[in-house]
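What TrEMBL says about this protein:
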- 63-75: compositional bias 'Pro residues' (COMPBIAS)
- 520-530: compositional bias 'Basic and acidic residues' (COMPBIAS)
- 96-204: domain 'BTB' (DOMAIN)
- 1-20: region 'Disordered' (REGION)
- 54-92: region 'Disordered' (REGION)
- 519-561: region 'Disordered' (REGION)
- 254-272: transmembrane segment (TRANSMEM)
- 354-375: transmembrane segment (TRANSMEM)
- 417-437: transmembrane segment (TRANSMEM)
- 449-466: transmembrane segment (TRANSMEM)
- 478-502: transmembrane segment (TRANSMEM)
């Protein structure tokens, strides 16, 4: 059979007896014809010819045939060894379909369908005319197999390819949104081509992923290892940091227990300092005789009354034992804060941490009060600073996953909390106005004005109901009942979302803590196993060669073990 290829190179089938041979080239055809062979058209292919060579010693001997695996590929250009533009165009014109190989998964589609999206990668592939243009769009291709290879994830490609067939793009549930968007970007498809039924789904899932990433970035429990250097100072910092931040080893647990103990002791000391039986009446003035006179004049008064009667001479002080306990707690808190600040691997991140801010607030009032005690007008400021000490209770969040989850929930539910406050504010204004106009004639003492009625409306809507302000008219009581029911409905709407956020974060926090502890246990077990294995190998080697000489057999046995 003689067939003409893309560059008119004939292929000759030489039939000699039972043998069939194929050869390619004009010189082969010329030599065959010059030998007196008969040429006849092929019955199956009108463009092919068959050469019948007489069975004689003068018949030509064809050249060895190439194997199918190394059969000639389509014509190449002389300069670069790549297919010529004409060969590429001819191949596309002859083939109605094209094979798209994505990550080993093959798809077939009509060339004309790819032209429906000319600005995409596959649309540009249809219009590519040169070898270089094609390789800019795909990793590899074969004109002989009519196949183009893309080294990409095949999971999302079937959905994208359907866009060329139906002009519709949908989002599958089992595909990650981030991966899907990356694939859309690679194939040059705009996400706005998604059908409306999937646009909202994409936005919701993308927002959910962004929230999850934000949650993971704000997890207070450190899952990974902190980055420290290799110097001796960095090793000391790492040891100090792990001592206060983790609770895996016995020293770390002891440090955590001491921190928790001093937090509770500080809060207890602050609470006991307000008990009258644990307070003392001290001299405030430098004039001792004035203090003695004031004490003598107030023997029948309480300490608070005495301090109010002689504010320049007397003041109520905490018991000296409580003062000493407070100093001990402050010393521990200060030492803990300074050591953690010294060992922190990331100083800016350390100062931005809200738990570290609480630690600083817990110790500042004590030192500020030491400075202000020398000023005569510092009494009110000192009282405020003493009240701030109650914020030390938030230091428990460092040792409580529940408190961390609560803080996270409040930060990330600010929109829901804002909606809740807005609903309550609207309800308070409406019901305050209604109650005022209903009660102003018969109960004007309790409902003097609309702003004065805000208190009653808020207490009623939150179902607290102190009972100090109550309506007396029938209309006022009806308004009060409606206010209570509306308050229940308004509060219940966003509370469910907030509680769900708290539960999700708390469970995720506990899961990460367990995973981290499990990983550390596995690392310890692995280190112990490697240590035992090395010890066993050394021991066996010593036993096999007790003399310590260069015994090659012993060395061979040790190596095999």
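In case you wondered, yes, glycine gets a Cβ from its N, Cα and C as well.
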Outside the transmembrane segment (449-466), six or more residues from its ends: residues with CB under 8 Å to it: 424, 427-429, 431-433, 435-436, 480, 483-484, 486-488, 490-491
Chain residues in Cβ proximity to the transmembrane segment (478-502) (below 8 Å; excluding those fewer than six residues from its ends, i.e. six or more beyond): 405-406, 409, 412-413, 416-417, 419-420, 423-424, 427, 431, 434-435, 438, 457, 460-463, 465, 470-471
Structural state census, the domain 'BTB' (96-204) (DSSP three-state): 51 helix, 21 strand, 37 coil
